[in-house]
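Visitor: Quick one: structure below, then a few questions.
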Amino acid sequence: ALESRGETYRILKRYEESLADLNKSLTIEPDNAGALINRGKTYVMLGKYSESLADLNKSLNIEPNNAEAFISRGETYLMLKRYEESLADLNKSLYIEPNNAEALINRGKTYIMLGKYSESLADLNQSLVIDPNNAEALRSRGKTYLMLTKYKRSLADLNKSLEIEPNNAEALINRGKTYIMLGKYNESLADLNKSLKIEPNNAEALRIRGTTYKTLGKYNESFADLNKSLEIEPNNAEALRIRGTTYLRLERYEESFADLDKLLEIEPNNAEALRIRGTTYFRLEKYEESLADLDKLLEIDPNSAFSLQIRGEIYYKMKKYSLGIYQIWGTSKAVSSH
């Protein structure tokens with residue numbers, strides 16, 4: 001009875017009550033695989049991933065071919081960003097139950113994180129044949145279409161997902177991103193505003209809204225969002241890049257350099273950051289610093305016409321004429337080879 005009530009509480013999202021019942025149940029029957037799986041699932045919803053893994057590992061020692069346990073452990077690994085382990089568990093679960101919609105959805109989500117969008121679509125399409133109105137599957141497929149730049153398809157899935165779950169922050173964020181790509185900034189802001197009422201400290205939503213405000217020339221609002229986003233995730237390269245370029249647009253060079261420098265400490269081979277910083281140094285006539293960034297950029301992309309051209313101009317300004325001519329010739333060659 002305790003196990004059943006614990007599962008019911010979990011389904012009702014009353015996680016603390018679920019945990020209390022499952023703890024009592026497992027005190028009486030410590031090796032009950034079903035109770036361990038349900039407690040593992042409850043721990044996932046509470047963000048207690050280590051505890052979840054402990055329960056699911058134990059349940060699989062008791063029942064090595066339990067598809068539900070593999071699905072739940074695969075989901076836990078997904079939350080921990082241990083994608084290969086997630087994939088291994090979900091593959092096992094689908095070997096046992098090939099048409100399990102939950103397993104297909106979670107494997108589809110794992111494939112998204114691994115950048116395997118075709119595989120993700122295959123799983124999510126199959127899951128939606130089994131369960132056509134599954135909001136999570138629609139939401140995940142909408143995200144996959146977004147990554148594949150298929151914005152109208154993305155919008156269709158996210159719209160349908162939000163008809164089913166109107167207050168899902170993740171779906172609102174992804175639809176907000178899709179609207180940006182379609183140039184529908186007011187619609188994007190409406191979704192991001194709503195998502196931030198639901199989850200006020202969602203760093204991704206703040207970052208994207210900050211980007212939208214930047215595009216609309218609302219720099220004070222953009223900085224407010226990007227600053228808050230970076231308080232939550234101080235090492236987020238994308239937020240640093242956006243704030244750095246916003247500072248640059250306002251000719252606040254020192255602040256721009258601070259963000260770009262930090263970004264390049266995190267991602268030393270970030271080509272866009274090197275290009276932006278190198279170009280900014282060039283505009284400020286800091287030619288040695290500009291050359292250092294452009295040289296690094298050319299190590300990443302030896303045929304970059306942009307880098308060769310700017311470097312050629314620098315050599316001319318530094319009166320290194322022969323090198324400048326060589327760079328211009330190299331630029332022409334790079335362009336003609338394309």
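One-based numbering along the chain as shown.
Backbone N, Cα and C atoms are what each Cβ position is placed from, and that goes for glycine too.
Bear in mind that TrEMBL entries carry predicted annotations, made automatically and left uncurated.
As annotated in TrEMBL:
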REPEAT    33-66  repeat 'TPR'
REPEAT    67-100  repeat 'TPR'
REPEAT    101-134  repeat 'TPR'
REPEAT    135-168  repeat 'TPR'
REPEAT    169-202  repeat 'TPR'
REPEAT    203-236  repeat 'TPR'
REPEAT    237-270  repeat 'TPR'
REPEAT    271-304  repeat 'TPR'
Visitor: Can you name the far-off residues of the same chain, 6+ from the ends of the repeat 'TPR' (169-202), with a Cβ under 8 Å from a Cβ of it?
Guide: 135, 139, 142-143, 146, 149, 151, 154-155, 158-159, 161-162, 208-209, 211-212, 215-216, 228, 232
Visitor: The repeat 'TPR' (101-134): which same-chain residues, six or more beyond its ends, come within Cβ distance under 8 Å?
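Guide: Contacts of the repeat 'TPR' (101-134) (Cβ under 8 Å, skipping residues fewer than 6 from its ends): 67, 70-71, 74-75, 78, 81, 83, 86-87, 90-91, 93-94, 140-141, 143-144, 147-148, 164.
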Visitor: Given a Cβ distance threshold of under 8 angstroms, which distant residues of the chain, six or more beyond its ends, lie next to the repeat 'TPR' (203-236)?
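Guide: For the repeat 'TPR' (203-236), the far contacts come to 169, 172-173, 176-177, 180, 185, 188-189, 192-193, 195-196, 242-243, 245-246, 249-250, 262, 266.
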